[in-house]
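Going by Swiss-Prot, these are the annotated features:
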BINDING   G522, S525, R538, T539  3',5'-cyclic GMP binding site
BINDING   R538, T539  3',5'-cyclic AMP binding site
COILED    599-653  coiled coil
REGION    272-380  region 'Ion conduction pathway'
REGION    339-342  region 'Selectivity filter'
REGION    382-458  region 'C-linker'
REGION    462-582  region 'Cyclic nucleotide-binding domain'
TOPO_DOM  169-178  topological domain 'Extracellular'
TOPO_DOM  244-248  topological domain 'Extracellular'
TOPO_DOM  299-321  topological domain 'Extracellular'
TRANSMEM  147-168  transmembrane segment
TRANSMEM  179-199  transmembrane segment
TRANSMEM  225-243  transmembrane segment
TRANSMEM  249-267  transmembrane segment
TRANSMEM  275-298  transmembrane segment
TRANSMEM  322-356  transmembrane segment
TRANSMEM  357-381  transmembrane segment
Amino acid sequence: MMTEKSNGVKSSPANNHNHHPPPSIKANGKDDHRAGSRPQSVAADDDTSSELQRLAEMDTPRRGRGGFRRIVRLVGIIRDWANKNFREEEPRPDSFLERFRGPELQTVTTHQGDGKGDKDGEGKGTKKKFELFVLDPAGDWYYRWLFVIAMPVLYNWCLLVARACFSDLQRNYFVVWLVLDYFSDTVYIADLIIRLRTGFLEQGLLVKDPKKLRDNYIHTLQFKLDVASIIPTDLIYFAVGIHSPEVRFNRLLHFARMFEFFDRTETRTSYPNIFRISNLVLYILVIIHWNACIYYAISKSIGFGVDTWVYPNITDPEYGYLAREYIYCLYWSTLTLTTIGETPPPVKDEEYLFVIFDFLIGVLIFATIVGNVGSMISNMNATRAEFQAKIDAVKHYMQFRKVSKDMEAKVIKWFDYLWTNKKTVDEREVLKNLPAKLRAEIAINVHLSTLKKVRIFQDCEAGLLVELVLKLRPQVFSPGDYICRKGDIGKEMYIIKEGKLAVVADDGVTQYALLSAGSCFGEISILNIKGSKMGNRRTANIRSLGYSDLFCLSKDDLMEAVTEYPDAKKVLEERGREILMKEGLLDENEVAASMEVDVQEKLEQLETNMETLYTRFARLLAEYTGAQQKLKQRITVLETKMKQNHEDDYLSDGINTPEPAVAE
């Protein structure tokens, strides 16, 4: 038996962690003794490296510790690097926004329990895994699936009807149709399964219970139509022949999914008017296509070329190939349904009936086109028309008041800037139908980068922040406009969103400082901080260099907002004092004097309150004393009456008692 040492040093418990002696082996190949077991508590993601380490230890006597161990170490390094780089990192939330929004709402689902606990937890784990395959109808994956299922539905609606009418189309591309038909059938079956795994909202929560999902879908009309659309009517091919695609007309019953895709796309798209027009055009083209196919089928049943109304005889080479057949029928259908006319008049009664029906459909199509397109164009131009009406009203007023041409040109340029930069939308009017919570969240998301730079909002309470954001009013200033002048009473504070402002001298030319996007001014003057050397007046002239987009918060709006948040008001005032102290604009003597005045006023108020309490206490004490006296008097009267009643009872008992009989 041979025992291996590491560098001539006997292994000990202290160094077993670094050097694991290999097991001793007999000549016959059997283990003489087993190596001491070492603890192996490894995570699931370390299984690979642990197995490689074990192989390295077993392979050490034959190959040495150098080469293979370096390979194992390299594999471990690569694995750690891959896990570190490919692990998805959650985006860090913005703390400023989280103070308002609060923690993220976790996904909550409803399910029916059976009231029985699983002994080993396997049933519960299986159900949880099964619930992972429930699609949220408001999610992106569900929308993508609607697109997938809409394609075979549209394929069947267009080509299945055409193949049933144009026999050449069916025969010439039979293999292609066979593949597409059964591919669409596969998608239909998959859609039926997905519908069984599509969640729905119950009391505002997404239901993922399989039984509820199944019952919710099976008891609907759509389930019956979906099942009817996948009935294997292709078996009729064995009776009527393979070139009879009309036996698959039940596939047209799956139309609801295509309409659902169109509805969701109209909601999701950023260009709803364009999509509505495209959708309307698609419907009209499908109707014209169907009408062309029906015209060809009627011509086939009557006979090609038997009169001037039907399709010409297909024996004529000019009209005997597939492309000419379809284009001719599509042309005839378009002329008829658009009521343009100029088509051969009908000859037979059935031809007259079909043309009358087509004319009625054409009138409805024309009315639909005019109505929908007119409505869409009106909606698209509504904003422009409203804005133009405002400009016309201002122009009329300036002409009536004989405003100078320079001022009129300035006003027109201001309106032009608003329209060019898409600043004509009234945010309050657009968002008025949303609840206050959503309006505030949208405002914070839109104006977050600007609000974060306002110093007095840094430690602002979330509720007050909501109130202030909703009260911000956008204002646009033209080049050369004064936002405020030195000595003016400050009634608003301003936050610069876009543009450049200059702090200028009284001459309006000399510039002292330049304010850019994110800067704010006037926030101290609206807080009425006592001891401020600035008071509530502006100390500088601020002028717009170009067109500037600002947010305005009035003093009245701020005071109205902080009325319900007295603690937040104190925080704002304290932060304002800190800013004034840093800038040397706080008069401490005046602050101390104001504090003394405040203390004196509070003492006087306290004395007044104490006097009021004393008066109320004296009145209550007098009422209590009077009530006690009345109570005592009533008790005395009751005692007197009780004594009198007792004496009367005693006397009556003595008179009515009979004398004892005398014994004779």
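In case you wondered, yes, glycine gets a Cβ from its N, Cα and C as well.
Of the residues the record lists as binding 3',5'-cyclic GMP, namely G522, S525, R538, T539, the two whose Cα atoms sit farthest apart are 10 Å from each other. Packing against the transmembrane segment (275-298) from elsewhere in the chain are residues 157-158, 161-162, 164-166, 262, 265-266, 269, 310-311, 325-326, 329-330, 332-334, 336-337, 350-351, 354, 358, 361, 365, 368-369, 372-373, 376: each is 6 or more residues past its ends and has a CB under 8 Å from a CB in it. Cβ packing within 10 Å was compared across the binding-site residues S525, T539, and the lowest neighbour count falls to T539. Counting residues 6+ beyond its ends, the topological domain 'Extracellular' (244-248) has Cβ neighbours under 8 Å at 156, 160, 163-164, 170, 177, 181, 233-234, 236-237 in the same chain. DSSP gives S525 (3',5'-cyclic GMP binding site) a coil state; it is part of no helix or strand. Using a 10 Å Cβ-Cβ cutoff, R538 (3',5'-cyclic GMP binding site) registers 19 neighbours. For the transmembrane segment (225-243), same-chain residues at least 6 beyond its ends with a Cβ under 8 Å from one of its own Cβ atoms are 167, 170-171, 174, 181, 185, 188-189, 191-192, 195, 250-254, 256. Listed in sequence order, C484, G490, E492, M493, Y494, R538 are the same-chain residues at least 6 apart in sequence whose CB falls under 8 Å from the CB of G522 (3',5'-cyclic GMP binding site). Beyond the ends of the transmembrane segment (179-199), by six or more residues, the same chain brings 109, 133-137, 142, 145, 148-149, 151-152, 155-156, 159, 206-208, 210, 213-214, 217, 222-223, 226-227, 229-230, 234, 248, 251, 254, 257 to within a C-beta distance below 8 angstroms of the stretch.
Residue counts for the topological domain 'Extracellular' (299-321) by DSSP state, with H, G and I taken as helix and E and B as strand, are 7 helix, 0 strand, 16 coil.
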